[in-house]
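Inspection log for the structure reproduced underneath, given as C-alpha cells.
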Amino acid sequence: VAKKASITPYPPHWSEELDAASGALYFYNDVRDESLWRHPLSETFREVLEQVGQFVTERLRLDQLAARIEEVLAEIQRRASEELEQWIGPLQGGEDFSDSYFYNSQTGLSSWEDPRERWKYDIHVRYDLLVGYLVAEERVQAQSYVREGRQGAQDLTTTLTSLVSSMSSVNSVLANSLGAADRATGGYTGDPDDPEASGARWARPARRRRGGLPLPPRATASSGAGDSATRALFSMPPHQQQYASNVRGHQPPDQRWPITPSSGPPTMGPVSPPPPPAGTPCRGARP
C-alpha cells in the first residue's frame, strides 16, 4: 500500500516545486495560489495506512476484510457529503464575472477551487489503495491454497463488483451535496461595517495571479502538537539535494527555473525563482 501511495499522482492543480536555496521540495496549488511543505495527500495516506495496519492486526478473513473496506469507503463518502453541504456554488466571480468560485457558508471562506473535485480525487485514491490491498490479499490466499492442494479459496468477484458500483455513484453523490447558489445570501455575513458584507459578494476570493510564480510556504514549523508523525516539512534526501544543487550550478543564469504551473508549455525565458521560505527545512522530514 505504501509503495502504491508513493507513486500516486498529485491531486488536480497540485505540482511539485524545488526551493532554490535549500533544495527542498514543496507543493503548489495553482488555483488556490497556495504552497505547502507537506504532500497534499499526506493525511489521506496516513489514514489509509492506519486502516490497513488495523486490518493486519485483526487478522481478518477475506470476507471480513471486504466488508470492512466497504464500511470505510461508505464512511468517507458520508464525510465528504457532510463537508460539501457547507459549500455553495458555483458562483460567478472575477472582474468580468467569467470565473466561478465556491463559498463556505459555515466559515465565510471562499475558493476558486471546486471542493467536489478535491473530494472526488481523495475518495478515488482511498478506493484504489484499499481495494488494491484487498485484491493482493486475495491473490496471496489463492496461491496458498494452490501450494497446499486445497479447494475453497474465496471468490471476491461479487464484492469487487459492488465496490465498483458504489464508486460509480460518487460523482452524483458529491454533486448533489453541494449547496445551491441561492443560499449564498444567507449564512455568514462577515463584517457588518463592510458595505459588501452580504453573503457571496463579501466572500468573493482574492484575484488569481495569472502566470505568477509559485511561492514556497512562509513557515517551516511542524503542524499540530509537534508529533514527528505529523510534521509539516518535506525535504529531499542529502544526495538528491546535492544533485539538484549541482544541476543548478551548471545551468546558465538566464535558463534557470523556466517552468511555472500556470504558464503552459515549458519555456526557456529568464524567469526568477520563487523566494525561499523562511528558515531552513529540517532534513529527513517526511510528509
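Each residue, glycine too, has its Cβ placed from N, Cα and C.
So that you can see what the record holds, here are the features copied from TrEMBL:
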type	residues	note
COMPBIAS	218-232	compositional bias 'Low complexity'
COMPBIAS	263-279	compositional bias 'Pro residues'
DOMAIN	8-42	domain 'WW'
REGION	184-287	region 'Disordered'
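Looking just at the domain 'WW' (8-42), the mean pLDDT is 86.
Across the domain 'WW' (8-42), DSSP helix (H, G, I), strand (E, B) and coil residues number 1 helix, 13 strand, 21 coil.
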